[in-house]
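Annotated in Swiss-Prot:
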BINDING   Gly254, Ser255, Gln256, Asn257, Thr258, Gly259, Lys260, Ser261  ATP binding site
REGION    1-24  region 'Disordered'
Amino acid sequence: MTKRKSALSALKPTKKQVISSEDSDPEVVVVTNPPLDSPDAEESFISITEEDEAVRQLSTFDFSAKNTKVVRDETRGRSRVFHGMKFKETIVLRGAYVVTVWSGVIHINGALVNINSPVDIPVFAPASHALPQIEAAAGAPETRESGDEDVMEALHQLEGSSVIVEIAAMPRRSENPLITVSNFGKMSSGNIVPFVRQLWHCSEDDGSNYSRIYNTASVVTKSQAAVIPGIYDEWAEVCDDIRRLKHSSTMVVGSQNTGKSTFCKYLSAFMTTKKTGTSVAFVDLDPSNCEFTAPGQVSVTVIGAGHLSPYSILGPSFTHVTAPTYSRFVGYNNPKDDTRGYIEACKAVIDFAKGLKLPLVFNTCGWVRAAGHDLLRQLIDHVKPSDVVFTRDPGVDADQARLAESVKARSHVLDAPDAEPPRFTGAEQHSLQTVTYLHGGNLASHLSDLPALEVGLESVYVGILDSEGVDLADVALSTNSTLLAVMTMDKKTVKHAEITPDGLQYLPNFDIPQGECLGQAMVQFAGASVRLHTPVSASLLNAQLAADKAIVLVRGRIPLPVYELWDSRKGGEQAYVSFDVNSGVGSEAWVARRGLKRK
């Protein structure tokens, strides 16, 4: 097999033009990235690596001058790349990019995208998760209109293709409401979270070229073989079967890393994009791998018409953290730590979701054996689903079979797509989700530099889960510089509050939170006020206070990454860390103000 050239050539920025080739030059592929000092380095396009067998298997689209047209756009300061795809052809890219359909229909992660869909739909394909597959589908041949003559000329040259799609790099900064990550350039730099530098590399050895990490997406190589099909036939059949029910209620059950959350997003996108105006309620009952919130919560999020767009969830959970419709705080990453509290929180969320009168999609936790089997049985009895989808795991097939026999619902058993072992540990993924949440999706600044809410101590109450034996004098020490849930409760639940020596209104022996969770915050007590680093808005808190609700800050056991407390660029005295330097070699130590010494 003859290898194709690695790129066409660098585009000249002097004038706008449609670039193509004669039919006699079929080996030419797309374009290179501009030099780092070029004006085009701000926002470039797709680069193509040399072909190997893995590209053939995953990306069946054959990049050539016949099916790829490049338009130089001076107004946008970049080049635009259009691809004409045949029916069932696929493109798999690694990186972060935006997609616009100009003609026909494509599927991405179960979502149907056509000319009536938004432009610049964001797709996040990091190394930590299975890669989305763009697949050309059957659809009407209408073409999206453009006032740009050169764009229309490029579309004309691609006539005869089943689909014409434009793929561009994710912009560093964007006002696109579908892009919940507000500053992708900083997010991909490891500016705050050290290990995210590994997320967007186009290959294992190009990490030194920073610009290519966020300015390019690359065709996958042999080392990235985990793929989410654009329209997986087995999954699509189950999704279509569920969609036809008027009031479907679907629970997805399986052990960890078998594709539960992936299928839940797939089903939600399938249902809400297959028919215009459809909404679903995504009920997340997995406090460890939360889809839309920080870890430690169970929640309901409405996806679809007038709510969260299904086109904004085409990526891992940390790329679309958002405020849920309703949430309860569990306080632990693992339901094993407090099964009673977990069940109570789940039941409250389930009851709220049922009241929405929408199709329901339930993502469950990965605890399916022993006591976890009984816990799932309780949840299924409370939900009374129309369908239960089991993601196959040979190690727990017997447990799933027993559960399937006992449920009064339609059962479906799915094989998960082939996947590689997770690149990051569970703890690292929890950290990434937590940090992205606290920063509101913007990692351009350290958390201590972002504006915080300041609330008087008289307006808040403090509780600590499983706090038996905590002395009143130690409450501030136990909660300062930690991650606390921000909850709203009826005032009658806080009548037994006690005042600590620091002036905090403390709820002793705090058990199960019986109120809505508005979000989470890193807390710092400062004199007569408390400072909250949180994406929860001041207007929301003021509305709760105006409604005569109590604001309760609850500490569970959700870890906070230490790099959220310490900005290594500053040194010296900081808001959450103090430095004490004594004489002698090795005597320097830093002390977090929560009272934990680290040498």
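Including glycine, each Cβ sits where the backbone N, Cα and C put it.
Where Swiss-Prot records a feature, it is marked here on the structure.
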residue	record	contacts (Cβ under 8 Å, 6+ apart)
Gln256	ATP binding site	Gly366
Lys260	ATP binding site	Val252, Val253, Gly254, Asp286, Asn363, Thr364, Gly366, Thr391
Ser261	ATP binding site	Asp286, Asn289, Glu291, Ser317, Asn363
- Query: Taking each of the binding-site residues Ser255, Asn257, Thr258 in turn and counting other Cβ atoms within 10 Å of its Cβ, which one has the fewest?
  - Reply: Asn257
- Item | Gly259 (ATP binding site), number of other Cβ atoms within 10 Å | 21
- Query: If you draw a 10 Å sphere around the Cβ of Gly254 (ATP binding site), how many other Cβ atoms fall inside it, taking every protein chain shown into account?
  - Reply: 24
